[in-house]
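Here's the structure we're looking at; comments come further down.
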Amino acid sequence: MSTGEAKVFWHEHAVTREEREKLNGHKGCVLWFTGLSGSGKSTLANLVDHRLYSLGYHSFVLDGDNIRHGLNASPAMLRERHGEEFAKRFGLGFSPQDREENIRRIGAVAKLFCEAGIIAITAFISPYRIDRDRVRATMKPGDFIEIFVDAPLEVCEARDPKGLYKKARAGEIKGFTGIDDPYEPPLNPEIHLDAARHSPEELADIVLDYLKTHGIIPASK
Ligand SMILES: Nc1ncnc2c1ncn2[C@@H]1O[C@H](COP(=O)(O)OS(=O)(=O)O)[C@@H](OP(=O)(O)O)[C@H]1O
Ligand SMILES: Nc1ncnc2c1ncn2[C@@H]1O[C@H](COP(=O)(O)OP(=O)(O)O)[C@@H](O)[C@H]1O
């Protein structure tokens, strides 16, 4: 058997994206929340998801913390389950390369959701601009909606719900975003949220309004 690169072919779907969107009563898209740890990504992602669900729409949250338990599991988790060699090959931590692969994989998954006519809601720090832009470049114009959850480091650090900033300041966690690893804010996000001055409910309203005014969900409900 050849060990060379296999040729892979693309199969058209029997049911088109447009047909699925018609059935769902709204368009598919990716709501890409990005921001520092503690900025409010997960809170907001889940609130928007719940609002959409209550309106009868189809959405799903892909959250960094959860995805890093499965698809993008850490080396430690994989070591326990499958041994050292497997963990080294497939486990993802927080090095720049691992974050890049984390975002690449989740971008591909989010795109599949979008093509299934679903509103994919991702909540990853996604600190590097190039990684977010690469995901954007894989998608059709309008499908990738970058949402900057903008809360200053001081605010996030004061919230510190998991105590991670404290550990990072103490040097117990290395390469923590905002402390000793960079966060590159979006230059031109579709939505820029002031997450330090507004409640999650107010911020969710802004996201829902965007979806209505851009024809992703009906304006009428
Ligand atoms: N070194 C370091 N830097 C930043 N964050 C860290 C780190 N180590 C662990 N954590 C925890 O992992 C969550 C971020 O995971 P993500 O997959 O969103 O990160 S990334 O997009 O790949 O940068 C992040 O969760 P959120 O607070 O929900 O953002 C942290 O709880
Ligand atoms: N807009 C907001 N205003 C005040 N507190 C918030 C807001 N959004 C989230 N929080 C709180 O901040 C903390 C971090 O929120 P979380 O959604 O976990 O952030 P992230 O997913 O970005 O790490 C939580 O305790 C949450 O209740």
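These residue numbers are counts, starting from 1, taken along the chain as shown.
Placed from the backbone N, Cα and C atoms, the Cβ positions cover glycine too.
What you see is a predicted model, and the numbers here were worked out from it, not measured in a lab.
Copied from TrEMBL, the annotated features are:
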ACT_SITE  SER126  active site, phosphoserine intermediate
BINDING   GLY35, LEU36, SER37, GLY38, SER39, GLY40, LYS41, SER42  ATP binding site
DOMAIN    27-194  domain 'APS kinase'
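For ligand 2, the nearby recorded positions are GLY38, SER39, GLY40, LYS41; that is, of LEU36, GLY38, SER39, GLY40, LYS41, SER126, these have a C-beta under 6 Å from one of its atoms.
Across the structure, SER37 (ATP binding site) and SER126 (active site, phosphoserine intermediate) place their CA atoms 10 angstrom apart. Proximity of LEU36 (ATP binding site) to non-local residues of its own chain (separation of 6 or more, Cβ distance below 8 Å) is seen for ILE125, ALA151, LEU153, CYS156, THR177, GLY178, TYR183, given in sequence order. Proximity of the binding-site residues GLY35, LEU36, SER39, GLY40 to ligand 1, judged by a Cβ distance under 6 angstroms to any of its atoms, singles out none of them. The 10 Å shell around the Cβ of SER126 (active site, phosphoserine intermediate) contains 27 further Cβ atoms across the protein chains shown. Cβ neighbours of GLY40 (ATP binding site) (same chain, under 8 Å, six or more residues apart in sequence): VAL149, ALA151, ALA195, PRO200, LEU203. Counting every protein chain shown, the number of other Cβ atoms lying within 10 Å of the Cβ of SER39 (ATP binding site) is 27. Sparsest Cβ environment among the binding-site residues SER37, SER42 (other Cβ atoms counted within 10 Å): SER42.
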